[in-house]
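Engineer: Would you mind keeping the following structure in view while I ask a few things?
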Amino acid sequence: MAPQLLLCLILTFLWSLPEAESNVFLKSKEANRFLQRTKRSNSLFEEFRPGNIERECIEEKCSKEEAREIFKDNEKTEAFWNVYVDGDQCSSNPCHYGGTCKDGIGSYTCTCLPNYEGKNCEHLLFKSCRFFNGNCWHFCKPVQNDTQCSCAESYRLGDDGHSCVAEGDFSCGRNIKARNKREASLPDFVQSQNATLLKKSDNPSPDIRIINGMDCKLGECPWQAVLLDKEGDVFCGGTILSPIYVLTAAHCITQSKHISVVVGEIDISRKETRHLLSVDKAYVHTKFVLATYDYDIAIIQLKTPIQFSENVVPACLPTADFANQVLMKQDFGIISGFGHTRSGGQTSNTLKVVTIPYVDRHTCMLSSDFRITPNMFCAGYDTLPRDACQGDSGGPHITAYRDTHFITGIISWGEGCAKKGKYGVYTKVSNFIPWIKAVMRKHQPSTESSTGRL
């Protein structure tokens, strides 16, 4: 009787199951109306799928072993894991003087360049002008096992022995307006600009112009001078060195018997506002060769001094060592002028400025059909359709270092206009520092400093 009772109970239970299921469980379509859940990457046979860093370690927390399975490389795994655990300790760039940072868990490690040590590469083993200019803001001079810093004219050495402090409102090489107004846009400006030079015949052409440059805003190129002929037309450029001296190219002096100088202008067409400065004398380097443009340098002495302001400031004159070892090893220089904006066109009414890279001497010499003498250097791009041609000869090639702008070259000559594989050729100012100083010292009026307010 007991076995029969047990069998009846089992049959009764099985008979009731479909009804229970219909009461407890909902159909899939109906259930989805109530249970809204975002699908994850997890699914059937997930462990058999290839590793995915987003699925394993971002959507979910992963282990180091899971990360290793994804990267399949110990070095990559360590680099990822150190950042994954507690963030990137190198994001603040803690390593000084070019040191390389490697992230760790709760720490970082700096690999220092030669001659530097310390957790952040902050200590010099021994001072040398060859390493980061001896930490000098301007000029560095080796003294036994140490270095001695000094500054350009119109600056004094700071109390720290490294920095240079401007002594006047219009100290050389200061470009306050450009730094304040366009600091954020400078990287695009640097990356997007280019200059190469023009050849009109089989000889190097002294006629230079800037093509596709940006407008130089008022006060952004304060050292720019422009040379006008008897008719008041632009034919060359120049660089303000002092209240009465303007640096230019020697071949510019041979182009016109009558020369006037204008400074502080960004729109040369506004004749009612421009003030013409008369030339007293012009000093052309005695070794200048018109056929080759070697020694293409000259200094103009004005009859009346320039009145400095926020928009009119001289460029700083570097030492030869500083120019060769520091300035000309920077990535870019800056040229400016009122030259033509297209081949065969008219000179520009507005001042244009272009940032161009230095070109190594070997590449420079290979690119030219003419001799590149030791008194010349190349700058510019070899392919981009941006150029420097007629009208800007004699103008400035400026290089900035620690917010001070130094004259490094004079726009001289070139081959082709936006011609592939050709660069602009510039007079190398560092070769002529003693000559420039000698001319200025020999002919300097006693009233220059007070009138020019250096």
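Cβ coordinates come from backbone N, Cα and C, glycine included.
Features from Swiss-Prot:
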ACT_SITE  H251  active site, charge relay system
ACT_SITE  D296  active site, charge relay system
ACT_SITE  S393  active site, charge relay system
DISULFID  C57-C62  disulfide bond
DISULFID  C90-C101  disulfide bond
DISULFID  C95-C110  disulfide bond
DISULFID  C112-C121  disulfide bond
DISULFID  C129-C140  disulfide bond
DISULFID  C136-C149  disulfide bond
DISULFID  C151-C164  disulfide bond
DISULFID  C216-C221  disulfide bond
DISULFID  C236-C252  disulfide bond
DISULFID  C364-C378  disulfide bond
DISULFID  C389-C417  disulfide bond
DOMAIN    41-86  domain 'Gla'
DOMAIN    86-122  domain 'EGF-like 1'
DOMAIN    129-164  domain 'EGF-like 2'
DOMAIN    210-441  domain 'Peptidase S1'
CARBOHYD  S92  O-linked glycosylation site
MOD_RES   E46  4-carboxyglutamate
MOD_RES   E47  4-carboxyglutamate
MOD_RES   E54  4-carboxyglutamate
MOD_RES   E56  4-carboxyglutamate
MOD_RES   E59  4-carboxyglutamate
MOD_RES   E60  4-carboxyglutamate
MOD_RES   E65  4-carboxyglutamate
MOD_RES   E66  4-carboxyglutamate
MOD_RES   E69  4-carboxyglutamate
MOD_RES   E75  4-carboxyglutamate
SIGNAL    1-20  signal peptide
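Could you place these features in context, so I can see how deep they sit and what lies close by?
Structural biologist: For H251 (active site, charge relay system), the Cβ neighbour count at a 10 Å cut-off comes to 24, with all displayed protein chains included.
According to its DSSP assignment, C57 (disulfide bond) is helical. Taking a C-beta cut-off of under 8 Å and a sequence gap of six or more, C57 (disulfide bond) has these contacts in its own chain: E66, A67, I70, Y84.
For C90 (disulfide bond), the same-chain residues that are 6 or more apart in sequence and have a Cβ closer than 8 Å to its Cβ are C101, K102, D103, Y108. In the three-state DSSP reading, C90 (disulfide bond) counts as coil.
Long-range Cβ proximity for C95 (disulfide bond), meaning a same-chain Cβ under 8 A and a gap of 6 or more residues, is found for C101, C110, T111, C112, N120, C121.
Within 10 Å of the C-beta of C112 (disulfide bond) we count 20 further C-beta atoms, all protein chains included.
For C140 (disulfide bond), the number of other Cβ atoms no farther than 10 Å from its own Cβ, over all displayed protein chains, is 26.
Spatially close to C136 (disulfide bond) yet at least six residues away along the chain are C129, T147, C149, S150, H162, judged by Cβ distances under 8 angstroms.
For C151 (disulfide bond), the Cβ neighbour count at a 10 Å cut-off comes to 21, with all displayed protein chains included.
Long-range Cβ contacts of C216 (disulfide bond) within its own chain (separation 6+, distance under 8 Å): Q224, I266, S336, T350, L351, K352, V353.
DSSP assigns C236 (disulfide bond) to a strand. For C236 (disulfide bond), the same-chain residues 6+ apart in sequence whose C-beta sits under 8 angstroms from its C-beta are V226, L227, T248, A249, C252, Q255, G391, D392, S393, G394, G395.
Long-range Cβ contacts of C378 (disulfide bond) within its own chain (separation 6+, distance under 8 Å): Y358, V359, R361, T363, C364, S367, S368, I372, Y423, G424, V425, Y426. According to DSSP, C378 (disulfide bond) is assigned to a strand segment.
When pLDDT is averaged over the domain 'Gla' (41-86), the result is 67.
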Engineer: By DSSP, what is the split of the domain 'EGF-like 2' (129-164) into helix, strand and coil residues?
Structural biologist: 4 helix, 14 strand, 18 coil
Engineer: Please state whether DSSP places C252 (disulfide bond) in a helix, a strand or coil.
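Structural biologist: Reduced to three states, the DSSP call for C252 (disulfide bond) is helix.
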Engineer: Among the recorded positions S92, S393, point out the residue whose Cβ has the most other Cβ atoms within 10 Å, with all shown protein chains included in the count.
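Structural biologist: Buried the deepest by this measure is S393.
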Engineer: Tell me whether C110 (disulfide bond) sits in a helix, a strand or coil according to DSSP.
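Structural biologist: Assignment for C110 (disulfide bond) reads strand.
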Engineer: Reduced to three states, what secondary structure does DSSP give C101 (disulfide bond)?
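Structural biologist: C101 (disulfide bond) sits in a strand per DSSP.
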Engineer: How many whole Å apart are the CA atoms of C62 (disulfide bond) and C151 (disulfide bond)?
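Structural biologist: Cα to Cα, C62 (disulfide bond) and C151 (disulfide bond) are separated by 57 Å.
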Engineer: Nearest to H251 (active site, charge relay system) by Cα distance: which of the recorded positions E65, S92, C221 is it?
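Structural biologist: Comparing Cα positions, the candidate nearest H251 (active site, charge relay system) turns out to be C221.
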Engineer: Consider the recorded positions E65, E75, S92, C140 and say which one has the Cα lying nearest the Cα of C164 (disulfide bond).
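Structural biologist: It is C140, whose Cα lies nearest.
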